[in-house]
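J.: Take a look at this one; I'll ask things after.
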Amino acid sequence: MKKLQGAHLRKPVTPDLLMTPSDQGDVDLDVDFAAHRGNWTGKLDFLLSCIGYCVGLGNVWRFPYRAYTNGGGAFLVPYFLMLAICGIPLFFLELSLGQFSSLGPLAVWKISPLFKGAGAAMLLIVGLVAIYYNMIIAYVLFYLFASLTSDLPWEHCGNWWNTELCLEHRVSKDGNGALPLNLTCTVSPSEEYWSRYVLHIQGSQGIGSPGEIRWNLCLCLLLAWVIVFLCILKGVKSSGKVVYFTATFPYLILLMLLVRGVTLPGAWKGIQFYLTPQFHHLLSSKVWIEAALQIFYSLGVGFGGLLTFASYNTFHQNIYRDTFIVTLGNAITSILAGFAIFSVLGYMSQELGVPVDQVAKAGPGLAFVVYPQAMTMLPLSPFWSFLFFFMLLTLGLDSQFAFLETIVTAVTDEFPYYLRPKKAVFSGLICVAMYLMGLILTTDGGMYWLVLLDDYSASFGLMVVVITTCLAVTRVYGIQRFCRDIHMMLGFKPGLYFRACWLFLSPATLLALMVYSIVKYQPSEYGSYRFPPWAELLGILMGLLSCLMIPAGMLVAVLREEGSLWERLQQASRPAMDWGPSLEENRTGMYVATLAGSQSPKPLMVHMRKYGGITSFENTAIEVDREIAEEEESMM
């Protein structure tokens, strides 16, 4: 193949014999709507949005705990290896799909309509996650407001929500040093504040009897949705500006917490506990699985957020560079967050006279119990508490922007003539609907429903979606064709590393993750509460529903075609006639035009050699010889 460096930036010459006036009208209409779809106002908008999307709550409350329980510093070996095998390639693949087509998670499956069900599965998953994720933001807002006092309300016992088991955990000392406390039969004020005041979980008998709605949580959830709506009101035009603050300010707060943490007595004890390498853990398959899971969920692959953000890029945005900036930045942020968390936990363990592993927790237990308790031991505790929860707020909002933008973009791209002019109204309706669906999370037993959603909404179903996407693009659409599409955008083809990962390593890793999660399946639980069988069944069905959308989409695509079953499968697997770059100026090479005069017009790349004695197709951008054309035809 002859490569013309930089030529892809010029507008192609469209042969008149290949386009009818009606076709030209359609193209103009498409270009008009592509222009109205909008783009980021600057390249930094996209980069910061991706950073904000990936760097979320999991970096603070999941990575540090996973690191210290899976070998400390040795955990970084499988972590970065899985980042290279799975994280970076899948991240780049999703960005490439979105930027090349300028389409959301549903319409992007013009690449192969047979797999459009994977896009619907993405929307189901991201919708369920968005419902409970905003409830977590509501909890953060609750604690943020509670920090605006001279004394933190979870600092002491003696409040109406405390029980006889409440004990202010302060170390006892004698002349020879600290005497460790027996914490087995006691409960900290911060834990009772979280469970008995914020959640009021004692008012529920379980997931089947959620109890009453908590008006304070209900208002916090409403505020969270109002904030999200105002920030996505004008799509990426507004959210792209908000992230200049929400994606950068957390780093300032994290730095302040880190500096404060490492200067506390006992801090290095916690850091040593966090990073001391235990290389024998590397012999355990569990450690490698945990590393892959952390990478998979941390980068947000498969939720559609990356694809959506990239769809608003200009056609030649350097997403190759952006991929490495975001993925490596996400990893470094996770490690730094571990220093900030464990330095404070080391100080806390020294103050309590207990080992670090007795105070370290993961998930909400770290954010809403352990760390708030540690804040009460610091001078100016309300100030540090406010900073911590404000950091969590900004981290959570960035991810929520992506979830909502994914849903809105996907649906408006499917019905652009009706919804795109009313995108703000549609966004508001989505927020209202999700707020109403999330009200059950504000009840006394709302935490049980949140745990159920968290455990099943984005579990094995998400892995099935990503595996399907990877195989559909590389095996059905074709790895060579996909690499040439990337060449049109970036001026170079992905090398052997990306091809090997897309074809073999990434799908195999995800398949291993899915099998492991099924084999090691454990029923959901929250503390000592075990979920009833019907709740477990509901969760499993929730995960299966996203998987079933893929074969359901295949069935619909096949029924829309004509001919035998094999012919229908072939036709449904082929790219749609209008697949390719959205703007005419970027439709070069095989995408330069579609054939007219045929009873069933199909992409030019398939039929170019079959009409008018043309044996190759060429324009000012790319020249493709007879061998490549035959390869394209054989792929179909």
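A Cβ is built for glycine as well, from the same backbone N, Cα and C atoms used for every other residue.
Taken from Swiss-Prot, the feature topological domain 'Cytoplasmic' applies to 1-45, 557-636. Annotated transmembrane segment per Swiss-Prot: 46-66, 74-93, 117-137, 215-233, 242-259, 295-312, 324-345, 378-397, 425-443, 459-479, 500-519, 538-556, in sequence order, evidence recorded as sequence analysis. Taken from Swiss-Prot, the feature topological domain 'Extracellular' covers 138-214. The phosphotyrosine annotation in Swiss-Prot covers Y591 and is backed by similarity to another entry.
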J.: Residues of the same chain, at least six outside the transmembrane segment (117-137), with any C-beta under 8 angstroms of its C-beta?
T.: 57, 105-109, 221, 224-225, 228, 302-305, 364, 393, 396-397, 399-400, 403-404, 406-407, 410, 434, 437-438, 441-442, 446, 449-450, 453-454, 457-458, 461-462, 464-465, 468-469, 472, 542, 545-547, 549-554, 556
J.: Flag the pair the transmembrane segment (500-519) / the transmembrane segment (459-479) as in contact if three or more Cβ pairs fall under 8 Å (sequence separation 6 or more).
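T.: Output yes: the transmembrane segment (500-519) sits against the transmembrane segment (459-479).
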J.: Count, for each of 74-93, 324-345, 425-443, 459-479, the Cβ pairs lying under 8 Å from the transmembrane segment (46-66), and report the range with the highest count.
T.: 324-345
J.: When you scan the chain for residues with a C-beta under 8 Å from the transmembrane segment (215-233), skipping those not six or more beyond its ends, what do you find?
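T.: Non-local partners: 134-135, 137-139, 141-142, 145, 198, 239, 242, 397, 400-401, 404-405, 408, 424, 427-428, 431-432, 434-435, 438-439, 441-442, 446.
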J.: Mind checking which residues reach the transmembrane segment (74-93)? Cβ under 8 Å, same chain, six or more beyond either end.
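T.: Hits for the transmembrane segment (74-93): 66-68, 277-279, 281-282, 287-288, 290-292, 294-296, 298-299, 301-302, 306, 319-320, 323-324, 326-327, 331, 335, 466, 469-470, 473, 494, 497-498, 501-502, 505-506, 509-510.
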J.: Compute the average pLDDT of the predicted model within the topological domain 'Cytoplasmic' (557-636).
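T.: Reported value for the topological domain 'Cytoplasmic' (557-636) is a mean pLDDT of 62.
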J.: Please indicate, using numbers and ranges, the residues of the same chain that are 6 or more beyond the transmembrane segment (324-345) and have a C-beta under 8 Å from a C-beta there.
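T.: That would be 47, 50-51, 54-55, 59-60, 63-64, 67-68, 76, 79-80, 83, 87-88, 91, 251, 254, 257-258, 261-262, 264, 267-268, 270-271, 273-275, 294, 298-299, 356, 359-360, 366, 370-371, 374.
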J.: Would you mind pulling the DSSP three-state label for the residue listed as 'phosphotyrosine'?
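T.: DSSP assigns the residue listed as 'phosphotyrosine' to helix.
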J.: Going through 378-397, 425-443, 459-479, 538-556 one by one, which has the most CB pairs that fall under 8 Å from the transmembrane segment (295-312)?
T.: 459-479
J.: Let me check the 10 A CB neighbour count of Y591 (phosphotyrosine). How many other CB atoms are there?
T.: 24
